[in-house]
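Visitor: Take this structure, written in structure tokens, and hold onto it; I'll ask about it next.
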């Protein structure tokens, strides 16, 4: 007689084994109708699997985070059900849940088209309307192999080969279609309503380009129609803001096949990059960082000693010279330790903060590359703080202030913070892990910050804090991080002399605010829709002549503005002024200055903001004053 304990502490006794659905039914018909699955002793379980012993049970509906993930996973199986009915000689690979949706990788000689997406979506809708039950079959490995051999599902058989002999495998039966999954899934298709198939893309089995080429169908699903519509609106807005499109439109950068994952910065984009670098350099200087520069190519012996050769070798670019193998650095930390190691260090010298705008290369798979967001060559705003155990909390606390200051400058007010603690496999004593985790926790709590704990998610060499931005489309971008490292200073012989005149290894804090310049600029392009605030814009002001008579004044003002340290350009084409204003607006120039006969007569410009607001008549001294104010507050002119 299982005794079921519910979240409110109440208990229900059943005479025999009982399912989640039956428990829900005993509470109320409405709850039973809404039940998708359950959590039994903190483990997710299908709604129709019997519970035989005393358990703590949480009933899951579409209102729960787990519920919507189960709905999305079930929709992935519906893709399989639909394509198997429509197309012949299809083999299903994997169909996981991803953020805001799901996908299924499919092997087929037939190439799917956007028209096929519509056809598949229509078939899914037909299947949903039949309200069929999704059956779960728990079978042995042998039975699972037999099932998928009969169906000639090559990829499923490969997955089964990797599963241990003992235990049962969950098969989910959607009428005539059978798929394999850990589950859980919805008990009936009536729970599957609000979805949309989004796009097609290519992929490889297991993400390896040497394996079979697959076709990926992406989709999204939500609990409510409004949530689906809101998401599709966000997707549409995201496409408008796509940094790759805007980068091309505004001549910021490009990427070409001869150098995949590496950026060709155009003058406009490089200006943004340089302004960003200058700003970060000022922040670093103000906070007592020492800027350094380290080599691009380093003998593999250093990477072997640091441990990167063993873990990262496949992701490194290498080159050979005079019988020596060099790695193009994928990260900066081992090189920073080499600088720390030059000369004897005392505890009185600590903390030492070494910063570098370090250019790194990583051999990312070509299929994973994505504009500025995922590249092979990137520059980190990287720094390493060498300190004592006792200094960790203060250094982390100061860094948190720095992160919030920088993010606020760019208009990011919603910051998500996650603290990752010790994993099972780790180096260092329990004592230093305790001290480090306590230091990071106190640094966060002393600032009354909301943060999320990620137990066991720290690196093997120390705990870390991650900082993620939420943008105008509610997308989350992980950018900043501060990571405690006990291991690398030991591996690379970094030492200082303590108060007792004994040599000790410092703690090293890896930290970055932006993450990488390339990715952060990509985020900014999409956040601002390329309407950069005046301090960051490639050109801060454009001067427009109304007639040919005003060209000379335009050119003279342009020279004076540029000579005073601002970024200015002119449009002196023989075009109507309305057309020029429209072109300047489409070009996203923050300030538009018009010079006609009236303005020239009083040695001034008629100024307007990018949003069309008339700012008035300005002579050059007043224009400079306004621009200085706008640049100083790092704001937009709108």
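Just so you know, the numbers here start at 1 and follow the chain as drawn.
Quick reminder: no glycine exception, Cβ is built from N, Cα and C everywhere.
Fair warning: this is a prediction, and the values are worked out from it, not measured in the lab.
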Visitor: Among 243, 250, 254, 510, which residue does Swiss-Prot annotate as binding Zn(2+) at the site that also has 333, 384?
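Guide: It is 510, as the record lists it for that site.
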Visitor: Would you pick out, from the binding-site residues 384, 510, the residue whose Cβ has the largest number of other Cβ atoms within 10 Å?
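Guide: Compared across 384, 510, the most Cβ atoms within 10 Å surround 384.
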Visitor: Just counting, how many other CB atoms are there within 10 A of the CB of residue 333 (Zn(2+) binding site)?
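Guide: For residue 333 (Zn(2+) binding site), the count of other Cβ atoms within 10 Å is 21.
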Visitor: On the 0 to 100 scale, where does the mean pLDDT of the domain 'TGS' (1-61) fall?
Guide: 91
